[in-house]
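These notes are about the structure you will find just below.
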Amino acid sequence: MTGRSTRFQLWRFLKVALLSALLLVCVLLVVATIRTLTLDVNEGLGLARWEEKEIVPFGISPLQRQQLLDNFKAAIRIPTVSFSDTELNYTALREFRDFLPTVFPTVFASSLVKYELVANYSHLFTVPGSDPGLQPYMLIAHLDVVPASEGDGWEAPPFSAQEMGGFIYGRGTIDDKHSLMAILQALEYLLQKGYRPRRTLYIGLGHDEEVNGLQGAMSIVRKLQSRGVKLSFVLDEGLSVIDGVIDGLTEPVALIGIGEKGQATVKLSVTTSPGHSSMPLRESSIGILAAAVTRLEQNPIPSMFGLGPELATFEHLAHKFTLPLKFFMTNLWLFSPLIGRVMEGKPDSNAFVRTTTAVTMFNSGIKINVIPPYAEAFVNLRIHSAQTLQEVLEIIRDIIGDERVKLELVNGFDPPRVSSYDEKSFGFQIIKKTVLDSFPQVTVAPGICVGNTDSRHYVDLAKDTYRFTPTWFKKGDLRRFHGVNERISAKNYEDLVEFYFRLIQNCDIRKLPEPHGSLHDL
């Protein structure tokens, strides 16, 4: 009797547990379905009333359109290459310095603009606003480029600015002379039309960004700090408009960078006794180091997906995905572990979910019959926003797990702080509005840059720092960064000029409108 009663109670408990589990699953499915049908975090300011302001129309003549393209091509033809932090093409930098006043005469002659040459080759422009009570902002770009050789497989010489099929080819067309020239071209047109900004604008153009900006950007920052300048926001290069790049998205997406990964270069080395190759020891310096490197590659640093701002990217884009992906993307609270695992499967998306580890150099050996006493390797780390440099170094030591391998930090820095992107974020919302003014068909979302820009040097000057240019990329185009056949369409470059032309005017509102939700609550 007792055994039968126990079995009955156990069966009753299992039924209750099963029904409870089924009920929980049903509730989760209902919540997830409702969220799939209703979630749109982009609602809000798009429905609010922006401050009414007279806007100067962009309208340019066919002659001006040809001239702005000619100016841009001329900039590409100047090979302002940075080879290392001590080896730059100074002849080209001087040529570019003399070139700018010839193509932007109004900017350099205007009584409204204060121009300063910084660190011999960088440039700082100050355009005072008519209302000193409004906090200023800053647009930054860089004029140096990475090396390029026609022998690498370019369809056109990399410094020819040759136009083919509607595209202008050349090193710097998307990194970063396109934004530099477009910013100054937009300011040139505004000044010609008699526009005076209400909010003070700074423009900083660095000459050594590709080798860390230690002379250009940092000298500009020190100059502004000495004057007590505090900025509302800084806008630099970074993310862009991507079209057809993300699976499941049928519409173009403008990603505004709200942060970037940190970076570190680590040197690993092993020292053993030398010897003759005819009498090898059981382990050599090369073998010990190779084993350590293999452990790093086979044991990636754990995924941090969901712990950083990359989650906000998918939340802003979720309602634009097609089914069934839309169901998962709108319910990351439930499916983020699954989405994270999927993203780990591809190198380009894997970079967004974790600190990446790349072994980039391995050196050892002096002679074919000598067992080398020393071996070294260099590892480049791109640090996720949710981690610190010190945390990553400790993880690397644990993965290597061999005291014979010496670990030295060559250089590195923590990820810069993540900038705000809510409805009260002046810089983000102004950039977003300008994007939608220029390209109403796109969806705007915050994003994280996996590379680094000069913007990290400005974080102490500005409340927020953003990384975006309205450069359009189709699938495969992202490989052109620092790669072969870097190019931009002539139409897209003209779009950039118009974007900055609009942005400068949009920044002149006194404050953001009340969010739609706040108006609703009233």
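Keep in mind that glycine also has a Cβ here, set from the backbone N, Cα and C atoms.
Unlike curated entries, TrEMBL annotations are predicted automatically.
The Zn(2+) 2 binding site feature in TrEMBL is assigned to His142, Asp175, Asp236. Within its own chain, Asp175 (Zn(2+) 2 binding site) has Val145, Val146, Glu237, Phe481, His482, Glu486 as residues 6 or more apart in sequence whose C-beta sits under 8 angstroms from its own.
The active site annotation in TrEMBL covers Asp144. Counting only residues at least six positions away in the same chain, the Cβ atoms of Thr80, Val81, Ser82, Leu88, Leu93, Gly206, His207, Asp208, Glu209, Glu210, Val211 sit under 8 Å from the Cβ of Asp144 (active site).
For Asp175, Glu210, His482, the entry in TrEMBL reads Zn(2+) 1 binding site.
Residues annotated as active site, proton acceptor in TrEMBL: Glu209.
The feature domain 'Peptidase M20 dimerisation' is assigned by TrEMBL to 258-403.
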Counts of helix, strand and coil residues, the domain 'Peptidase M20 dimerisation' (258-403), according to DSSP: 61 helix, 37 strand, 48 coil
Additional residues surrounding Zn(2+) 2, by Cβ distance to the His142, Asp175, Asp236 centre under 8 Å: Ile140, Ala141, Asp176, Ser179, Leu180, Gly206, Glu209, Glu237, Thr453, Asp454
Candidate with sparsest Cβ neighbourhood (10 Å radius) among His142, His482, the listed binding-site residues: His482
Cβ-Cβ neighbours of Glu209 (active site, proton acceptor) (radius 10 Å): 28
For Asp236 (Zn(2+) 2 binding site): intrachain residues, at least 6 apart, with Cβ closer than 8 Å: Ile140, Ala141, Thr453, Asp454, Ser455, Tyr458, Thr465, Tyr466, Arg467
